[in-house]
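Peer 1: Have a look at this one.
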Amino acid sequence: MAVSNVSNVSSTDNQSTSSLAATSAKELSDRFLTMLTAQMRNQDPLNPLDNAQLTSQMAQISTVTGISQLNTTMQWLGYSMGSLQATQATSLIGRQVLATGNTLTLDEGKGTIGYTVAADADSAKLQVYDKDKNVVATLPLQGNTVGTHTFEWDGKTADGKTVPDGAYTFDVMLTQADKSAKAATLDVKEVAAVRPSSNGTVVLDSKGASINLADVYQVW
């Protein structure tokens with residue numbers, strides 16, 4: 001009989017421990033999700049929460065929540081992050097962004113272009129083309145070091161002639177040790193709308209063009 005009593009006590013203790021562990025796991029998960037949601041809500045839309053950091057944080061609770069619950073939580077977080085980023089990105093509507101592209105819009109004699117340099121070059125130059133791909137201007141650029149650079153064109157050619165306002169395209173040519181290469185070009189676009197994409201990322205719409213939020217380098 002004594003053995004039976006000990007067995008009953010042990011069984012009761014095990015049930016209590018299991019219940020306590022389950023409660024602790026749920027509380028831990030709830031606290032984690034509350035903190036993570038607050039972190040996502042206050043993040044910079046141009047510098048969102050790092051996926052590696054998120055995965056690491058999620059791994060810390062995987063042992064107490066279980067794989068099934070973890071997968072469900074990850075799906076929920078992915079949806080929530082996309083929705084929060086889209087909501088935050090609405091602040092960009094009506095503003096101009098510098099993003100991947102090579103269109104140069106000259107308005108009232110002014111147009112801004114951007115480009116990135118992956119490795120220091122000896123020199124850099126801007127080539128502007130009209131709608132027929134004719135070169136209308138070739139100008140030297142000061143930005144030839146590693147990084148992102150911008151340049152405001154005044155609509156003048158190298159010999160001082162002024163070209164009419166309108167849409168142009170451009171290239172930035174880099175020269176290093178007698179070898180030439182094109183830099184990655186960036187252009188200025190005005191954000192008209194913001195929407196989430198099918199893969200959970202945020203897309204900015206600008207006059208029919210779609211811009212991934214991750215491709216935005218600068219905001220005005």
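Note that Cβ sites are derived from N, Cα and C of the backbone, with glycine treated the same way.
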Peer 1: Tell me which range among 1-22, 45-66, 67-88, 155-176 TrEMBL lists as region 'Disordered'.
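Peer 2: Within the set 1-22, 45-66, 67-88, 155-176, TrEMBL attaches region 'Disordered' to 1-22.
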Peer 1: Looking only at the domain 'FlgD Tudor-like' (85-216), what are its DSSP counts of helix, strand and coil residues?
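Peer 2: Residue counts in helix, strand and coil order: 11 helix, 77 strand, 44 coil.
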Peer 1: If I take every residue in the domain 'FlgD/Vpr Ig-like' (101-177) and average their pLDDT values, what number comes out?
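Peer 2: Mean pLDDT for the domain 'FlgD/Vpr Ig-like' (101-177): 95.
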